[in-house]
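Asks: Let me give you the structure first, and then I'll get to my questions.
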Amino acid sequence: MEALAPGRAPRGRRRAGASGSVLSPLSLAAVLLCALLRAPPAVGHLARLPRSIHLTQDSLKIVGSTHFPVSVYVMLHQKSPHVLCVTQRLRNTELVDPSFQWHGPKGKLVSENTTAQVTSTGSLIFQSFEETMSGVYTCFLEYKPTVEESIKNLQLKYIVYAYREPRFYYQFTARYHAAPCNSIYNISFEKKLLQILSKLVLDLSCEISLIKSECHRVKMQRAGLQNELFFTFSVASIDTEKGSKPCTDHSCEASKRLSKAKNLIERFFIQQVEVLGKRAEPLPEIYYIEGTLQMVWVNRCFPGYGINVLKHPKCPECCVVCSPGSFNPRDGTHCLQCNNSLVYGAKTCM
């Protein structure tokens, strides 16, 4: 015999009694709303943040290599690390009369530049990195190892990429015991459920989107056929300035708001089981099937950006600007091949 958790309704359980107990749409919503209103505040734990790197600390310094171009990742609109015009070996070596000269995608860089500054010691620093500033940067170093020795020349290449954090969202799937698949009650229930979920996360500046809702007849083990609703929806954070209640403090970070929304949704479905388990009346025609709530984490990038672990192993979960020869027209996570693309961050393949 199957062991059931307290208050759990068997998946194949039918309505008790001979009289019909199909609830009206408003009554169906009342059952869900009861669970919502009784739910305690969600436990505040953070969602797993993408393991991307944050290269905006002033103390972080990047050195070059004479063997291969060094990749540098700068978060969009942020300050870059110090890109040094030396190798790791020369960094700890005394240099006599050093001379530094930097060239970027648009030509020679000068110390007076407001967006890309060259310090007196040859370090390159970006103050507010823009997507169009991505590209190859070359430093020409001229120095003497000692006063007596002749001048040596060194050329170091860096590929500087703009990157952004993924705009992830959660996708949920839940199953409900349903009325006959052609019943209007299923449609009414779906609309009311979406309204309740949307209201649940409204104050967190998150939005609920229906992905699909399908009704199927399912053959149960050692039982007959029953109708089930397969309900798939997503929850994503929206820009706080676009929300009904603009928010600017630290708690308004998208990942924190989305984590709280996820907790509220999970608690909402748990409460549905608890409420039904305490009912003295027969089960309604439509009710949540315990244990069927599934959740997956879905990443998405802005157009012109993509995730590529093989190409960017130092920034494996960053949405890195698409390199020339590739593009991303939508919010997918991959830059697609396009031989005609000649710029960084291409959104179309011309």
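Any Cβ shown, glycine's included, is placed from N, Cα and C.
Pulled the feature table from Swiss-Prot, pasting it below:
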- Asn113: N-linked glycosylation site (CARBOHYD)
- Asn186: N-linked glycosylation site (CARBOHYD)
- Asn339: N-linked glycosylation site (CARBOHYD)
- 1-44: signal peptide (SIGNAL)
Asks: Please report the Cα separation of Asn339 (N-linked glycosylation site) and Asn113 (N-linked glycosylation site) in Å, rounded to an integer.
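Replies: Approximately 33 Å lies between the Cα of Asn339 (N-linked glycosylation site) and that of Asn113 (N-linked glycosylation site).
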Asks: Going by DSSP, give the three-state secondary structure for Asn186 (N-linked glycosylation site).
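Replies: Assignment for Asn186 (N-linked glycosylation site) reads helix.
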Asks: Among Asn113, Asn186, Asn339, all listed as glycosylation sites, which has the most CB atoms within 10 Å of its CB?
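Replies: Selected residue: Asn186.
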Asks: Taking only the Cα atoms, work out how far Asn186 (N-linked glycosylation site) lies from Asn113 (N-linked glycosylation site), in Å, as a whole number.
Replies: 63
Asks: Taking DSSP three-state, what's Asn113 (N-linked glycosylation site) in: helix, strand or coil?
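Replies: Assignment for Asn113 (N-linked glycosylation site) reads coil.
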Asks: I want to verify one value. Collapsing DSSP to three states, which class is Asn339 (N-linked glycosylation site)?
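Replies: DSSP call for Asn339 (N-linked glycosylation site): coil, neither helix nor strand.
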